[in-house]
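Following: one structure in structure tokens, then a few remarks.
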Amino acid sequence: MTAFMQTDSARQISRGIAGALLVAAVWEICARGLNLPAYILPSVTSILAGMVGDLASLLEAARFTATESFAGYAIGCLIGMAAAILVTMIPSARSIVLPLATAINSVPVVAYSPLVLLWFGIGMASKIVMVAVAVSFTIFLSTIAGLDRVDRKSVDLIRSFGAGRLAVLWRLRLPTALPLIIAGMRVSTVRSVIVAIVTEMLGAYGGLGWVIYQAVLQIDFVKVWAAIIVASAISLAFFGAISFVERRYVFWSKA
Amino acid sequence: MMERAMALTEEHLRGPAAGAMGLIDLLKPSKGRAVAQVPAKLETAEPTDAGKPLIELRNVSKTFGTVKALQDLEVSIRPGELVTVVGPSGCGKSTLFNILAGLEEPDPGNVLRHKGISSVASDLLGKVSFMPQRDLLLPWRNVIDNAILALEIEGMPRGEARKQAMAMLPEFGLAGFEAQYPNQLSGGMRQRVALMRTFLFKRDLMLLDEPFGALDALTRTMMQRWLLDVWQNHKRTVLFITHDVDEAIFLGDRVLVMTARPGRVKLEQAVDLPRPRKADIVTSPEFIALKKTLLEAIEEESMKSFQVAGY
Ligand SMILES: Nc1ncnc2c1ncn2[C@@H]1O[C@H](COP(=O)(O)OP(=O)(O)O)[C@@H](O)[C@H]1O
Ligand SMILES: [Mg+2]
């Protein structure tokens, strides 16, 4: 079963690489063949050369952005899950909190960025807060949906074994919710990197969003693209890591 | 009502009481749990003690909104008995089990005695081992961990619980399957895992709701014989719902036939067939006579429920 999963994901990865190479080739041909100016589309080779040239500053920026994303993500996941559990355990809170959360979640969180920058400064803290807010709402809603999926008959069964509310939560509701929680976590990976970068563009001392913003001001479009590619790589790696965890630990809901 | 209860006791004393005594000797309550009458100590006592019910229901009704599922139900189960329950579908059999498992409170005005002590249904939570109609195995737990679910909830350390369950695997035909997940098992095996989970939760009263209902005929007869063996080894009091009259007679010390909704006990039929019962007992004249009586009673009720449904 594991071997099957490995070959399956290996095939997916090799397909992804083939696709990326194809896009890069077409891109290269277009950029060179049509002789496009750099502000429209620099060639792939020039972007790669730019990445090598700016490697140290790009890596530093990547470290910045990755730290903000991961920290905000971890905090957001914890807050989202804890709030969801709390709300499920206190049914009266639920009818108030749930519509509110849904409403807040439907506004793009980046709309709050200027305020958060004002409150938390333009250092890392403001990015972490923004990412945490964005992630926590998603995780909150998916955890609630997951906890609600529990089957009444299964609850009855373990109550008949003498299980109290906590035991029902721990042994039944949370495992039942896990596939949806992890699915929410997987989607949130990309979201957390996006939110970190966008917030950096609005004000920061470092990070890929800040690099992009500065490069645009300096009309250095090769650098803009170099930073975008690094950001995509971080997103992909993050997404891949959580997908791996999902396959590994939520084996039952796929079969 | 009283008369019927009396008659029942007498009938039981005439009939399979000797057998029931044997069962009581072996009825081992789980450790650390006080048993009101301590039946294990009564080996030489008069047979009257054997008739003392483990659980007794009287005037039990249950209404869901406008649906009256049970009305004035009377049931009394003696320790060590295997009582089967048949009745038209929707007559409240599962509802009766939910009450006995402590999951539903009957309408007010009922009498519910567990080991002679007056109780409300919720007092029975954690005191009855209940196997619902569906196996309800947890897909994220393998066979062994599904089997120990109840033990874990009781607070037994996992290692110890697993050891107990491992020892029971061969008896349940699951040796070598401990690490499999439910989606890798056949219907019969899933049912055996669910049964094992129920047996490992050592309580005096065991409720089995159509445990073999979804199995094919061949698997079912095998499981029936196997269940009798296991029951004889473990000596529990069992209430067993089925819609199969052959199964009800083959397994039961008594068969309760329920009326169409609202459910009551229409007929209590003692099954005096000797144990251990062989597969060919179903062709004996005694068996066929019992079957005839029961089928008539069931037919009558099924007709009623069809008429209610407008056919
Ligand atoms: N929780 C419930 N809420 C509403 N109606 C119920 C509930 N449980 C059972 N019923 C109704 O009670 C009747 C008896 O159901 P049940 O005990 O499951 O019957 P059986 O197991 O004999 O087929 C049915 O009409 C069913 O619809
Ligand atoms: Mg039923």
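Including glycine, each Cβ sits where the backbone N, Cα and C put it.
Residues annotated as domain 'ABC transmembrane type-1' in TrEMBL: A:62-246.
For A:12-31 (among others), the entry in TrEMBL reads transmembrane segment.
Annotation source TrEMBL lists transmembrane segment at A:38-58 (among others).
The transmembrane segment annotation in TrEMBL covers A:70-90 (among others).
Residues or ranges marked as transmembrane segment in TrEMBL: A:97-122 (among others).
Among residues of the same chain six or more beyond the transmembrane segment (A:128-147), those with a C-beta under 8 A of the stretch's C-beta atoms are 68-69, 71-73, 75-77, 79-81, 83-85, 87-88, 98, 101-102, 104-105, 109-110, 112-113, 116, 119-120, 173-174, 176-181, 183-185, 187-188, 191-192, 195-196, 199. Residues or ranges marked as transmembrane segment in TrEMBL: A:128-147 (among others).
Under the heading transmembrane segment, TrEMBL lists A:168-187 (among others). Long-range contacts of the transmembrane segment (A:168-187) within the same chain: residues 77, 80-81, 85, 88-89, 138-139, 141-143, 145-147, 149-151, 154-155, 158-159, 239, 242-243, 245-246, 249-250, 253, each at least 6 residues beyond the stretch ends and with a Cβ under 8 Å from a Cβ of the stretch.
Annotation source TrEMBL lists transmembrane segment at A:193-213 (among others). With a threshold of 8 Å between CB atoms, the same-chain residues lying at least 6 positions outside the transmembrane segment (A:193-213) that come near it are 57-58, 60-62, 64-65, 68-69, 72, 109-110, 113-114, 116-117, 122-123, 126-127, 130-131, 134, 223-224, 227-228, 230-231, 234-235, 238.
The transmembrane segment annotation in TrEMBL covers A:225-245 (among others). Counting same-chain residues at least six beyond the ends of the transmembrane segment (A:225-245), those with a Cβ under 8 angstroms from any Cβ of the stretch are 9, 42, 47, 50-51, 54, 58, 61-62, 65-66, 69-70, 73, 182, 185-186, 189-190, 192-194, 197, 208, 211-212, 215.
Across the candidate stretches A:12-31, A:38-58, A:97-122, the maximum count of CB pairs under 8 A to the transmembrane segment (A:70-90) is reached by A:97-122.
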